[in-house]
Amino acid sequence: MAGNAYSDEVLGATNWLKEKSNQEVFSFVFKNENVQLNGKDIGWNSYKKELQEDELKSLQRGAETTWDQSEDMEWETTVDEMTKKQVFIFDSLVKKCLFEVLNTKNIFPGDVNWFVQHEWGKDQGWHCHVLIGGKDFSQAQGKWWRRQLNVYWSRWLVTACNVQLTPAERIKLREIAEDNEWVTLLTYKHKQTKKDYTKCVLFGNMIAYYFLTKKKISTSPPRDGGYFLSSDSGWKTNFLKEGERHLVSKLYTDDMRPETVETTVTTAQETKRGRIQTKKEVSIKTTLKELVHKRVTSPEDWMMMQPDSYIEMMAQPGGENLLKNTLEICTLTLARTKTAFDLILEKAETSKLTNFSLPDTRTCRIFAFHGWNYVKVCHAICCVLNRQGGKRNTVLFHGPASTGKSIIAQAIAQAVGNVGCYNAANVNFPFNDCTNKNLIWVEEAGNFGQQVNQFKAICSGQTIRIDQKGKGSKQIEPTPVIMTTNENITVVRIGCEERPEHTQPIRDRMLNIHLTHTLPGDFGLVDKNEWPMICAWLVKNGYQSTMASYCAKWGKVPDWSENWAEPKVPTPINLLGSARSPFTTPKSTPLSQNYALTPLASDLEDLALEPWSTPNTPVAGTAETQNTGEAGSKACQDGQLSPTWSEIEEDLRACFGAEPLKKDFSEPLNLD
C-alpha cells in the first residue's frame, strides 16, 4: 500500500481498527417505540425538548459538529433541521447514559473503547448501535449493563419528551420504556440450557464489516435504510465522509484477509449433532456399543462380561435406572437390526463344518426317530426364526412327555440369547417380558382362554401394543414364537364353553412339529453349539432361510398337516465314525446276510474301509457260523460301527464298474 495513495484520516482509521480487531465488546441497541397515553401520541421525534444540563448541551454541540464535518459537499442533503435536531439530542442522551454507567463502575472513560452510530431502518425506524468494551469488562456483566442502560435511557427520554404529560403519564412512559426493554443486548441461546447469554463481538471487525459499509441518509423523511452519524472513542471515524468510510472498510478487509483459506466440510450428521457431548454421554455410548457387540441382553450377562462398566454406572446417581435404560436400548437395537436366525448363525464355528455330521446331532436324531426328513424340518424352523414364514410365525413342538420338545426349544432359545418368556401366572400382563426381543418362548402352553386374540396376533407376527405393569402400553414388533405343550392348544375354552372358530386360525399360524417317540433316559440335552452349526450347515449347503428357498427345495409352503417324512433323506455313506440314519436298514455284516462272496483286501484298502471281521470271527459257510450269525451281527453293532455289505458293494460298483465285479463275485470263496 503506497503511503500517499490515501488520506491520513483514512489510514489512521484503518490502523486504529486493526489494533482493536480482536477486542471483544458488548453490542447494544437503543430505540424507542410509538406510545399513546390518554390520547397523546408520542413518536420517535417527540423528544426535542431543549436540554438544560451543560454536559448534555456540550454533547449535543459535538453531534452537530460531527454532522457538519462528515457531510459530503458534492450533493445537497435534504434532511430537515427537525430530524437533525432529534438525532443530535438522541446522540447526547445515549452518551450521557454510557458515561453515567461508567461512573457507577468507577471506570475511567479513557480506558474504554466505544462506537456509536445512529441509523434508520425500514421496519424499526430510528435506532442507535453502541459498541463498548475494555479491560474492566467481562461477558458475565453484559446483562447488568443492559439493565442499567435501560434505566438511564428511560429516565432521560422522559426528560427530553416535548409532549405535555402529567406526572403520572411521565411515570407511565418510563415504565413502558423499562418493561419493553428499549435497550437490548446482543445474546445467544445455549443449545443445552436453553437460556440467553451475552454474545460479545470483535470491535474492529464489527465496525469495518457492518457499520462502515452502510449508506448515509440524505432525505427527510428517510426512504431507505442507512446511517445519520457515527462517533467513536478515538475520534477516527467521526468526520469521515461516506466514500471514505467505504474505503476504510475495503482496506481493512484486504489487510485482514488470511493468506490461505482453509475449508472444512461438515457432514449432515455433524451439523445435526451440533452440540458438545458431555463425558457421561460419551461413556454411555461407548458402553452401549460394547454391549451390542457382545450381545449382552440381561443384567447377569452384563455383570459377567462387562463388570467394570456395570460398576461404573451403578455408582452414579440414579444408577439403577441408568442400567435399565441402557440395557433396554441394547435389546431394542438387537431386536430391530437382527433376526433370531442371525443371532444363532453368528455363533457358529465355521472351521468345524468340515467334520460336522448333521445326522449325529441330537436334534436330527430326535426327528429321525419319527422317520422324518430332518433337513426339511430344520430348514422350516430356520425360515420361521428368520421371520420368513409369513403368517406362520410360530414353531409348535407338541406331544407326550419326554419326547424332546423342551430340549430343542431350550437349545434354540439359548442360541438366540435375546429371548422373552411368556408368563402364564401373570394373568393381566402375560407378555410383560416380551418387548424388544428377537424370540418369544412359550413353555408348556395351555388353554389360551381370554387371551386367544392376543396370542393369535403375536403368533402371526403382527405388530401389536400390550399393557405392562406399572407402565404405559408398549409395542411388540413382529417376533418369532417357539412354543412347547402337552395339550391340544387348538381347542380354546372360555369358561366351560369350547370355541371351535379359533381352531383353524391357530393352525394357520403354527409350524406343526408333533413329537411322539419317547427318548431314553440317557439321551441327554442338546449341546449349546448344535443349532448354530445346524444353521451354518444349511446355509453352506444351499438351504437359505427364506420361504422362496424352502419352496424351491421342498415344493410348497409347510402347513398344519405337513408330511415331514417326504421326501426321504438320501442315505449318507462313507461317514467313518458317525452314526447312520436311524430309519435305514439295520447294521449288518456278510455273516448276518449270508453272503458267499467278499471283496478283495486290496479293494478295501483302496476304499479306506476297515474290514468288519476280526481273527476271532467264525469262518463263513460252516454250521457253527450260520448258527451264530445273529450274535456276530450284534457284537459288530456293539463295537465300532462299520459299513454294511450293501453299501460296500455299491461303492465297489461305482469305483470299478459292473464287469470287473461280476467276474470277482463269480469266483468261489476261498477262506484259506
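Each residue, glycine too, has its Cβ placed from N, Cα and C.
Under DSSP, Y210 (active site, for nuclease activity) is assigned to a helix (H, G or I) in the three-state scheme. With a 10 A radius on its CB, Y210 (active site, for nuclease activity) counts 14 other CB atoms from all the protein chains. Here Swiss-Prot flags Y210 as active site, for nuclease activity.
According to Swiss-Prot, the feature ATP binding site maps to G399, P400, A401, S402, T403, G404, K405, S406, an assignment based on sequence analysis. P400 (ATP binding site): 12 other CB atoms within 10 A of its CB, across all protein chains.
Among the features that Swiss-Prot reports, region 'DNA-binding' is placed at 1-276, with the record citing experimental evidence.
If you look up Swiss-Prot, you'll see 191-195 marked as region 'Ori-binding'. Under DSSP, residues within the region 'Ori-binding' (191-195) fall into helix, strand and coil as 0 helix, 0 strand, 5 coil.
What Swiss-Prot records for 543-672 is region 'Transactivation'.
Here Swiss-Prot flags 613-643 as region 'Disordered'.
Annotated motif 'RCR-3' per Swiss-Prot: 210-214, in sequence order.
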Integer Å distance between the CA atoms belonging to Y210 (active site, for nuclease activity) and S402 (ATP binding site):
87
Quick one: pull the CA-CA distance for K405 (ATP binding site) versus Y210 (active site, for nuclease activity), whole Å only.
80
Enumerate same-chain residues with a sequence separation of six or more from S406 (ATP binding site) and a Cβ-Cβ distance below 8 A; give 'none' if the list is empty.
F397, E443, T484
Rounded distance in angstrom between the Cα atoms of A401 (ATP binding site) and Y210 (active site, for nuclease activity):
87
Could you measure between P400 (ATP binding site) and Y210 (active site, for nuclease activity) for me? Cα positions, answer in whole angstrom.
88
Please identify which of G399, G404 has the densest Cβ environment, defined as other Cβ atoms within 10 Å, among these binding-site residues.
G404
Which of the three DSSP states, helix, strand or coil, fits S402 (ATP binding site)?
coil
